[in-house]
Amino acid sequence: RGGSRARSLWGRVAHDRPVMSQAELDARQDSVDRLGTFGQGVVFLGLLFHAACVILRGLSAHRFPWGNLYEYVALVSLVAMIVATVVLTKRKNRIMWPWVLTPVVALLFYGGMKLYAASAPVVPALQSYWFPIHVSTVSIGAGFGLISGMCSLAYIVRMFQPVGEEHGIVGKIAGPLPSAKRLDRLAYRTAVVAFPIFGLGVIFGAIWAESAWGRFWNWDPKETMSFVTWILYAAYLHARATTGWKDQRAAWINVVAFGIMVFNLFFINLVVSGLHSYAGLN
């Protein structure tokens, strides 16, 4: 009789334990959701301050605020953050915020510390109505490209560290990531937008070049690397739709495109001289 009572009590505890565990998991998830909502609110507040800084910069200079490398970095970062607020609003996508904020904060920090230039009128070569059209279009494409590149990088990490099989230091990084399918979809959708907009920006630049220098194309280092970036985005989208290439291979092409874009932004602007040497550093 005592044994049956003990078994009955153990059975009741064993039956109740999963319920308690599920309740604890739900409570923990609610806590994580609240923390995520708070964090996203802080990001939105930072985005407003970021936008205000860009606008005030333009007002102080009495022109569009992207006339030198410092301002261009601020603009691309702002576009990337605006894109991120749209594509990362869903709860399952919020975990990508650290992956987006890391390059954005790095860009802003480096821009503020090393690229700052006092507010001033643009150089005569940039005083054209094509200036805001070309630069803003390329900036929007680059902002989408940043989000797409980071999603592809996260996708590659997730593919090497499948859900439930994470291990090592990389496994700790991959653990919170969404599924590979979701990351691949985010990368593809943002690249679909980045490709035509960035290409349109290159075309606008060619039209401006014809009016300013008498030639549509000069094979200037920045022109060339921008064209290579656009070709890589085309290659990524093609590979993404090709059997046998649509997984890690396509993702690597997208990551390389993002890397070339960063290389073009800093190395070409700061080290290589050319027709686009308008960094504006003091």
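The backbone N, Cα and C atoms fix where each Cβ goes, and this holds for glycine too.
TrEMBL entries are annotated by machine, without manual review.
Annotation comment: TrEMBL describes 66-276 as domain 'Cytochrome c assembly protein'. Taken together, the residues in the domain 'Cytochrome c assembly protein' (66-276) have a mean pLDDT of 90 on the 0 to 100 scale.
TrEMBL lists 38-57 (among others) with the feature transmembrane segment.
What TrEMBL records for 69-88 (among others) is transmembrane segment.
Using a Cβ-Cβ cut-off under 8 Å and counting only residues 6 or more beyond its ends in the same chain, the transmembrane segment (95-113) has close neighbours at 39-40, 43, 50, 69-70, 73-74, 76-77, 80-81, 84, 88, 146-147, 150-151, 153-154, 176-178, 183, 186. Per TrEMBL, transmembrane segment is recorded for 95-113 (among others).
Look at TrEMBL and you will find 133-157 (among others) tagged as transmembrane segment.
Long-range Cβ contacts of the transmembrane segment (186-209) within its own chain (Cβ-Cβ under 8 Å, at least 6 residues beyond either end) map to 83, 87, 93, 96, 128, 130-131, 133-135, 137-142, 144-145, 147-149, 151-152, 155, 215-218, 223, 226-227, 229-230, 233-234, 236-237, 240, 251, 254, 275. What TrEMBL records for 186-209 (among others) is transmembrane segment.
Annotated transmembrane segment per TrEMBL: 224-239 (among others), in sequence order.
Residues 69, 72-73, 76, 142, 145-146, 148-150, 152-153, 155-156, 159, 184, 187, 191, 221-222, 225-226, 228-229, 232-233, 235-236, 239, 279, 281 of the same chain lie 6 or more positions beyond the ends of the transmembrane segment (251-272) yet place their CB under 8 Å from a CB of it. The transmembrane segment annotation in TrEMBL covers 251-272 (among others).
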